[in-house]
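TrEMBL lists 10-22 with the feature compositional bias 'Low complexity'. The feature region 'Disordered' is assigned by TrEMBL to 1-22. The transmembrane segment feature in TrEMBL is assigned to 47-69, 84-101, 113-130, 181-201, 230-247, 259-281.
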Amino acid sequence: MQGSARRRPFPAAAPGSPAPAGTLFPGRHGAVKGEDTFKTSPFHLDLWFYFTLQNWVLDFGRPIAMIILPLEWFPLNKPSAGDYFHMAYNVITPFLLLKLIERSPKTLPRSMIYVSIIMFVMGASIHLVGDSVNHRLIFSGYQHHLSVRENPIIKNLKPETLIDSFELLYYYDEYLGHSMWYIPFFLILFIYFTGCFTPVAEESRMPVAALLLMGPSSLYYWYLVTEGQIFILYIFTFFAMMALVMHQKRKGLVLDSNGLFLFYSFIITLLLIAGWVAWLWNDKILRKKYPGVIYIPEPWAFYTLHMNNLHAAKESL
């Protein structure tokens, strides 16, 4: 149109020049945005709230929904309500992790993030199948505080090779599935954590909303570590965070609000785990199932051992 200003195209970036601000993944893997190396992000209230909400509802709430809802609605030979929760978790969580990475003020390694997300989805999907069968076995009398071969409903199976199949299912659920699920999850959180530093001391404080979310977030991480039996992975991630904080402090950098939220949540999680272990330290039955040097009972093993007995005692009155 005559008289209107023509829009000038953006000049092409010179070779080796930094990517424009806001670019998540530049051409070179792991490159850092030169002009926003020390740019900080405000507290991601929406993302952290969605993380906490969906973790509690879709992950922690899975087995609870399966037990509470009437069995007639979800027969034992069909997916349970918890399975549908798990399916939603497998879709929503990778999306939230990617959105979290996008908001990092630092450009992060593209290939590592993509591979981690792919492995996360694969591991969570493997866990979906194994966990679905294992939790449905509760209705048949399966007791999580016992090993597969010690369970009354398993050890009497004929032929005995069926027991090997259930042990294989348990391996996919508790070992392979958990490893492929949780290792990428904690790796992505740590990669994001590396970009949560600022030279401005005034920005190293958390808003009230962050303090309110810290409790539910830490409690969920406690459940994740204890039920997933991933204390080694968690503690190594936490030690790596501590080492990075001390290293960046020598450079005059401090954590921003998002980094503080993640770091303090891990600290509170460690305290909760210590309290949990101290409470069940003298439980001989759980000690038998978790005989290793690291003794951290699973909450669902505690439930089938003590809470089921409590419910049965009430019903007999």
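Yeah, the Cβs are placed from backbone N, Cα and C, and that goes for glycine too.
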Under a Cβ pair cut-off of under 8 Å, which of the recorded stretches 47-69, 113-130, 181-201, 259-281 contacts the transmembrane segment (84-101) most often?
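Ranking 47-69, 113-130, 181-201, 259-281 by Cβ pairs under 8 Å to the transmembrane segment (84-101) puts 47-69 first.
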Looking at 47-69, 113-130, 181-201, which one has the highest count of Cβ pairs under 8 angstroms to the transmembrane segment (259-281)?
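The stretch with the most contacts is 181-201.
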Who are the long-range neighbours of the transmembrane segment (47-69) in its own chain, taking Cβ under 8 Å and residues 6 or more past its ends?
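Those are 80-83, 85-86, 88-89, 92-93, 96, 99-100, 103, 131, 135-136, 138, 209-210, 213, 216-217, 220, 223-224, 258, 261, 300, in sequence order.
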